[in-house]
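> Below is a structure I'd like to ask you about.
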Amino acid sequence: MSPLLRRLLLVALLQLARTQAPVSQFDGPSHQKKVVPWIDVYARATCQPREVVVPLSMELMGNVVKQLVPSCVTVQRCGGCCPDDGLECVPTGQHQVRMQILMIQYPSSQLGEMSLEEHSQCECRPKKKESAVKPDRVAIPHHRPQPRSVPGWDSTPGASSPADIIHPTPAPGSSARLAPSAVNALTPGPAAAAADAAASSIAKGGA
């Protein structure tokens, strides 16, 4: 190949490389990145079945094996935004899909099947409010211990206990005075006086 032809080919390749080189967003003020239209953004974000990755360890619910291949799968589950914070995206239609999973339990391995739930229809519905009100505490009445041997104790509900009986405090100066019943109880009667006289005469005669 002649040197002139080689130069022409090199110039052509350089021009082709320049035209195919990616243009940076900072190369010119007129360059604009592609903007996703609002209608597409809204459509992608709405509540609908979408492909999500689910770890198989969560689906086994306690059935443990050494290793699962793959360790996670993709299924259609409900997800997306709702127009109100009080709503949530929930499934209204679901079905079961069976998948083959390689279960490795050394030194052997085998193909098994797992049944996974997929969502086919979704809808925004009101969130289930958890009961934030605590149950009322049961009022336990306070019972005073009942004495085992108290004369006249009534075990029926509502009866006054000995601790409930209020003993009035005597007024000042009343402690020296005795009630008439108390004075009568301390003064000897006629029969007691005659008995004392007889006992006195017997004692004198014996002396």
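Heads up, the Cβ atoms here are built off N, Cα and C, so glycines get one too.
Reproduced below are the annotations present in Swiss-Prot:
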type	residues	note
SIGNAL	1-21	signal peptide
DISULFID	Cys47-Cys89	disulfide bond
DISULFID	Cys78-Cys122	disulfide bond
DISULFID	Cys82-Cys124	disulfide bond
REGION	129-178	region 'Disordered'
COMPBIAS	129-139	compositional bias 'Basic and acidic residues'
> Which one is it, among the disulfide-bonded residues Cys47, Cys78, Cys89, that lies nearest to Cys124 (disulfide bond) by Cα separation?
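Answer for the nearest of the disulfide-bonded residues: Cys89.
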> List the residues of the same chain that sit at least 6 positions away from Cys78 (disulfide bond) in sequence and have their Cβ under 8 Å from its Cβ, in sequence order, or write 'none'.
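Listed in sequence order, they are Cys47, Gln48, Pro49, Arg50, Cys89, Val90, Pro91, His119, Cys122.
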